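As recorded in Swiss-Prot, the features of this protein are as follows:
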COMPBIAS  27-83  compositional bias 'Polar residues'
MOD_RES   Ser41  phosphoserine
MOD_RES   Ser51  phosphoserine
COMPBIAS  91-101  compositional bias 'Polar residues'
COMPBIAS  114-125  compositional bias 'Basic and acidic residues'
DOMAIN    133-383  domain 'Protein kinase'
BINDING   Lys143, Lys162, Glu211, Tyr212, Ala213, Glu260, Asn261, Asp274  ATP binding site
ACT_SITE  Asp256  active site, proton acceptor
CROSSLNK  Lys258  SUMO2 cross-link
REGION    280-293  region 'Activation segment'
MOD_RES   Thr287  phosphothreonine
MOD_RES   Thr288  phosphothreonine
MOD_RES   Ser342  phosphoserine
Amino acid sequence: MDRSKENCISGPVKATAPVGGPKRVLVTQQFPCQNPLPVNSGQAQRVLCPSNSSQRIPLQAQKLVSSHKPVQNQKQKQLQATSVPHPVSRPLNNTQKSKQPLPSAPENNPEEELASKQKNEESKKRQWALEDFEIGRPLGKGKFGNVYLAREKQSKFILALKVLFKAQLEKAGVEHQLRREVEIQSHLRHPNILRLYGYFHDATRVYLILEYAPLGTVYRELQKLSKFDEQRTATYITELANALSYCHSKRVIHRDIKPENLLLGSAGELKIADFGWSVHAPSSRRTTLCGTLDYLPPEMIEGRMHDEKVDLWSLGVLCYEFLVGKPPFEANTYQETYKRISRVEFTFPDFVTEGARDLISRLLKHNPSQRPMLREVLEHPWITANSSKPSNCQNKESASKQS
């Protein structure tokens, strides 16, 4: 298992004084609340102002000074003793009620402006609390917590709130999976991937703010209908292949594709959820055994290195289960299931058509290099003949450029 990386900014930030004008000095921290913090009379207020105009200081912190030089010397000593943990932004006006910054100075430093925006976003994430939400009915229960229907009080936005208990996460040693899920899912933007809007925590619990999928899981729908017809199966496979193509373009491998981790939006569209087993794969090679037994490919149960082709295997297992109603390698014992996967032993019922058999057989290859590309899956004749959704795999390059 790879551990989550923690980013930080270290080292003090030194201010430089431009020649022939007021001094440009960085504040050491951003105001975290709506009203500016009071300034001690013995400590000068540090602000960021353009070099060719007068300084902008909150009204309550203004005071007369006889010259710039003594103030600059005093501020330099304070800056040398202070470490700035994050990029900073301009202070708010005391009369301002909102959290919006003042009109920006002439944009002569794009990197500074970008750092300020990033800091603002990070601050907003840290401001969520349970009191900001109205909690509704439970949507589901898991090993480490529950999911509830919720509504954000100010915007009235409907969402799902996933509540996880820290003690249970620590006892199972899966904190790294949670960090991985947050890190990966919060950066993915695709119509067939469930959004993670943010997170917060208290002394005993961690809360994930998730997109609400009102039609529930694909697993529940499959249990209700026993199996899906070809049109519905091909449509789901198209949506899933589009989403996986986007993930792979971001160097993300899901590794745990199964009906329980697939949700349905208000229009019946499929959405991938639960990225706890996912990884960023800069080396494209993983050797960790994870995921659900019925969906594990041979290279993983045999302890061999694997790449994004594991998701292609899972796609084949999923297509089979949609059409037949059970996974292709299902057996009475774990040992027998392992053997059937390693030997790729499975059979088709008579009602499965030749086109579906051909696609599934291509995906369930023991050798990962022999499995088709996602583009080939989307262009397969059985998919194009039965799916009601278009392929957007051709947009892979443009999707990889999105944030």
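Glycine is no exception: its Cβ is also placed from the backbone N, Cα and C atoms.
The secondary structure of Tyr212 (ATP binding site), as reduced to three states from DSSP, is coil rather than helix or strand.
Among the binding-site residues Lys162, Glu211, Ala213, not one has a Cα within 10 Å of the Cα of Lys258 (SUMO2 cross-link). Under the three-state DSSP scheme, Lys162 (ATP binding site) falls in the strand class.
Here is what falls inside 10 Å of the CA of the residue listed as 'active site, proton acceptor' among the recorded positions Ala213, Asp274, Ser342: Asp274. Taking only the Cα positions, the spacing between Glu260 (ATP binding site) and Ser342 (phosphoserine) is 24 angstrom. Each of the recorded positions Lys143, Lys162, Lys258 was assessed for Cβ neighbours inside 10 Å, and the highest tally belongs to Lys162.
According to DSSP, Glu260 (ATP binding site) sits within a helical segment. Asn261 (ATP binding site) sits 24 Å from Ser342 (phosphoserine), taking the Cα positions as reference. Residues within less than 8 Å, Cβ to Cβ, of Tyr212 (ATP binding site) and separated from it by at least 6 positions along the same chain comprise Leu149, Ile158, Leu159, Ala160.
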